[in-house]
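Below is one structure, written out as structure tokens, with a few remarks after it.
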């Protein structure tokens, strides 16, 4: 299956959202196992709400929407990087994009503004599983982009043009 050239931008966003679904499943598993205190949707809801609203249905819905907008945007950035630099080492590139986003959001923004964010990873395991979740997001997103819009999808035997 191959997507037409004009469909790539849309597919990159969809790939990011599909990667987020896998990341959400991972996130729920670690929450259910008691390894972390909050799901990523709670953290995202904290951008807009405070206190008890974060854990309500409405708060989680907004948190999910924020996450999927961010994941779609990350998918587009990953797609642009893969188109610009090629699909060689696509997993490394995809994981790199999502880990930079993770570092920016959690490392700089959330921890630099503790009076704004009430829910954020504070325990080492919380941070570690957040890191792993973003690696999963990057790996799935870049794999989908490469598989469905890269040279393999185009039936090319050579990656010459895409070696970047």
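The backbone N, Cα and C atoms fix where each Cβ goes, and this holds for glycine too.
For the transmembrane segment (12-36), the residues of the chain that approach it from at least six positions outside its boundaries are 67-68, 71-76, 78-80, 121, 123, 125-126, 129-130, 132-134, 136-141, 144-145, 148-149, judged by C-beta separation under 8 angstroms. Per TrEMBL, the feature transmembrane segment maps to 12-36 (among others).
Sequence annotations record features per position, and here TrEMBL assigns transmembrane segment to 56-82 (among others).
What TrEMBL records for 94-113 (among others) is transmembrane segment.
Annotation comment: TrEMBL describes 125-145 (among others) as transmembrane segment. Within the chain, the transmembrane segment (125-145) has long-range Cβ neighbours (under 8 A, six or more residues past its boundaries) at 11-12, 15-16, 18-20, 22-23, 26-27, 30, 35-38, 40, 71, 74-75, 78-79, 82, 90-91, 93-99, 101-102, 106.
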